[in-house]
Amino acid sequence: MATRLIEWALNNRLFVILLTVLLIGGGLFAMSRLPIDAVPDVTNVQVQIVTSAPALGPLEAEQYLTYPVEAAMSGLPDVTELRSISRYGISSVTVVFKDGTPLFFARQLVQERLPEARENIPPGFGSPKMIPPITGLGEIFHFTVDSDSLSPMELRGLLDWQIAFRLRQVPGVVEVNAWGGLAKQFQVEVFSEKLVAHGIALADVFEAVEKNNAMAGSAYLERGHEQLLIRGEGLIGSIEDLEEVVVAVREGTPIRVREVARVVEGAMPRRGAATRDGAGEAVIGLVQMLAGENALEVTERVKERLSAIEKDLPAGVTIHPYYDRTELVKRSLKTVVTNLVEGGLLVVIVLLLLLGNLRGGLIVAIAIPLSMLFAFCGMLIGGISGNLMSLGAIDFGLVVDGSVVLIENVVRRLALRGKKPGSVRETVRQAAVEVGRPVTFAVAIIIIVYLPILTLTGTEGRMFRPMAWTVVFALAGSLLLSLTLMPVLASLAFRNGVAEREARVIGLLRRIYRPTLAWAFRARRLVAVAAIAAVAGAAVLFLSLGGEFLPTLDEGGIVVQSLRLQSSSMTHSVEAGLEVERVLHEFPEVEQIVTRIGSPEVATDVMGIELSDVFVSLKPKKEWDTGRTKEQLVEAMSESLEHRVAGMGFSFTQPIEMRFNELIAGVRSDVAVSVFGDDLDELERLGGKIAGMLREVPGAADVRADQIQGLPVLRIILDHARAARYGISVDEVLGAVEAIRAGRVVGVVMDGVRRYDIVVKFALPLQADLDAIRNLPVMDPDGHPVPLAQLAEIRVEEGPAQISREFGQRRLNVEANVRGRDLESFVREAQAVLEEKLDKPDGYYLEWGGAFEQLERSRSRLLVVLPIAMFAIFALLYGAFGSVRSALLIFTGVPLAAVGGVLALWVRGIPFSISAGVGFIALFGVAVLNGVVMVSAIRRLQDEGHELREAVEQGASERLRPVLMTALVASLGFLPMALSTSAGAEVQRPLATVVIGGLISSTVLTLILLPTLYDWVGKRSRPR
């Protein structure tokens, strides 16, 4: 096939060039349309269902909200995980589907089951709803709304009704969450003593306001040739309208609302708040991107729309961004482009130096951008975004290996031909056909070694499959170009022949290589033993490397997650947040700080008031004058907070990392120990013991266990018998309970498109004592007041604050981050400690999750798939040479290539990760390619009649240049990646380190050990 393709290309040179121009156009188009982001979106396919019910505590939310939703979702096809959180007033259920399930199909399946869930939830207890379709990369832009003259309520109104409303119209924006400020309500604050004085029940106020806020219509009248619509308007539009509502009539005198209550513009009870820079509360907006959109384009559109919105805001109101994901995207993209350009230039320089022919070097260099454009076309068709992983793993040296081998052979053949008569095209054809088959097999082998990555599932699959596909696309394009365009360009560029001009450096290396190879033939046992010892030593060294799932990507900013007591009030949480901000602002590296407390109105993150996310924006590193690294800064911040802020726990992460962790695993840390069981008290006891044991393991940081108990609850338990004796209904009693703080919503006031709830509540202060609540009047049918305490038992007790479940089983998470050591060794030691010291009751068990779970899962899958891929490579080698012996000799390159990779990781102190594993996979492909090139040359010389030793010596010398060129271009292509310290380099560094180190040992194998073993084995097998 390779031969026919080469001959077809040389017979249709103009058509091949036209196809190349078409590829350039298509590739440029694909590049302009390619979605761009910092990292792949590794969020699993999930749908979150939230049910809000302010009247329910965690136990009741679990019983009446969570369980019906879980039951309705059970049995859905392709569901891999079903987890939930029940908190005060809210239930959140997350349904995770198998990878590959279309997100909107999954949402449709969930939507079809929601009516069943609603039927099983008691009336008035809430209605389950799906939150918008967002992922871990959904939060793309955060901003504050500031003004020196407007109140927090006015700022919040601007955000809700003007800014957010217009931002939701931006293509690609799915939601804009609001945090902080005060959401406006019209509040009717009823004085209980005035109700008693007038003999009016609270229910009368509810009913009066509700009935006095309405509209009516009565079709139309005809007046001549026109119709006249009939409309009656009785809507409440102001405080004055509310005050004039008649509640009751006593002795012919109307009793208005203003006579029993005061009407004010108040604020609804808050579930969340925001602070900024330790100076006070703030109003912030979070822009959420629709899953699958282009982050760079959507964020730019958001910024353009915000600039237009800001012009229409009242004087003095400004919008300040404090998190813009395009900054990370642009920095990461700059890293990728810089590494690719520098690597590409190094590759071209090596080609020019070693090939000894300027035109030949330039021809090979052309394959670099063309292969990349081919890859862009494949990425666009496959829906793969351009990011650190998909683009950062491309090595131009690896991409041009096939072209290097082919053009090197063409140049050598033309130089040997000299000025002899004959067709240059025919010489090019012969030279290309000579290496076409081994080049095809070699590149196919490199593609095969990437196939195991395509079998990865879960987070690791979503992270690395796009990278593998991109490399496969680039290699496929490279192979196609090497068999078509390269021969065509060579026949055109070398039509006047090639003068023999071997590069000086190659001549020098050849003079060193020949005696070295001769010595290896004489000391072949020593060479073999040294190789075996090196492999054994590398295996021992590998076990000491430790392991992690992925190196942590430096996103530029820091998120400090703070945890207070479950009983913390909103006021205390705000004060504590300001204190944390003031401490952190003392670090000169900090630029600005914004804190999110609790949950937004659209509960995409079910956080209690006791939880805060502190977003710390850092100055550019060139402005840091302390000499600290980011890791050292985090350590210093952690120590300062622990010593100066009492009664709080802290953990450190980053914005994207935090969202990925909590969406994928339901946790926010590197390691999670999940304890499963039924009794909440026992779960909390076990969680506390586990947290204490983990803190003793070296490397543990930010250890914390979920707080289950500890939420103070004022329970008002109706005595049905007493209520019946007074003739008072349950609804009337519970109406009084509602009116204590939140109030009952009885209507809305419209102000243009703005809608504000009308709420009826008692005029009680926020710090009201229990006696005031016990004495609240509930009217009997005769209009006599009955104190609430006579109708219900009123007591304060401690209850659960949060109940987590997984597939219907209660669960408690103990979370920890790991600093100062690798993840795998930490977990191994922690598992040993818990196995030895933790005593669990029957029916309780542990599961380990977080990044460690992903590392274990991917490693297990690779251990199964890699041997299959290696067998496939062996089969290809056997098919190429028709000899088991030759295939085995080439295959010995794999373990010796690993020696250099392991040693390079050890020298640089880099633990094994999936990124390093991908590096080993790429390395094995290059090692096999060079072996194929060497053995094919030796076998050709034997076929031409040379003796074994002569064929080995001549073939090894002949292939010195292409072997060195392929190794050098592949390793130098990764060199900028290995040395880079720019944004995102942390993820690429292990991969590049493995390839560079491994190619050193692999090249030694190919040039020394492989010819020695070939000569030692003796008479080769005849081809089939």
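Cβ from N, Cα, C; glycine included.
Note that the structure is predicted; figures quoted are calculated from it, not measured.
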Segment assigned the feature transmembrane segment in TrEMBL (from 182-202, 959-979):
959-979
Using Cβ distances below 8 Å and needing 3 or more such pairs, separated by at least 6 in sequence, tell me whether the transmembrane segment (388-411) contacts the transmembrane segment (526-545).
no
Would the transmembrane segment (439-456) count as touching the transmembrane segment (913-938), if touching means at least three Cβ pairs under 8 Å and pairs must be 6 or more apart in sequence?
yes
Who are the chain neighbours of the transmembrane segment (913-938) in space, where the CB to CB distance is under 8 Å and they lie at least 6 residues beyond its ends?
393, 395, 398, 401, 405, 435, 437-438, 441-443, 445-450, 452-453, 460, 463-464, 467-468, 471, 547-551, 855, 858-859, 862, 866, 873, 877, 880-881, 886, 889-891, 893-894, 896-898, 901, 905, 951-952, 955-956, 958-959, 962-963, 966-967, 970, 987-995, 998-999, 1002-1003, 1005-1007, 1010-1011, 1014
Is the count of Cβ pairs under 8 Å between the transmembrane segment (959-979) and the transmembrane segment (991-1014), pairs 6 or more apart in sequence, 3 or more?
yes
Can you see whether the transmembrane segment (991-1014) and the transmembrane segment (526-545) are touching - at least 3 CB pairs under 8 angstroms, only pairs 6 or more apart in sequence?
yes
Do any residues, 6 or more residues outside the transmembrane segment (862-881), come within under 8 Å Cβ-to-Cβ of it, and if so which ones?
437-438, 441, 444-445, 448-449, 451-452, 455-456, 887-888, 890-891, 894, 917, 921, 928, 932, 935-936, 939, 1023
Tertiary contacts of the transmembrane segment (362-382), as residues 6+ beyond its ends and Cβ separation under 8 Å:
20, 23-24, 26-28, 30-31, 33-34, 344, 347-348, 351-352, 355, 390, 394, 396, 399-400, 403-404, 407, 466, 469-470, 472-478, 480-482, 485-486, 489-490, 493
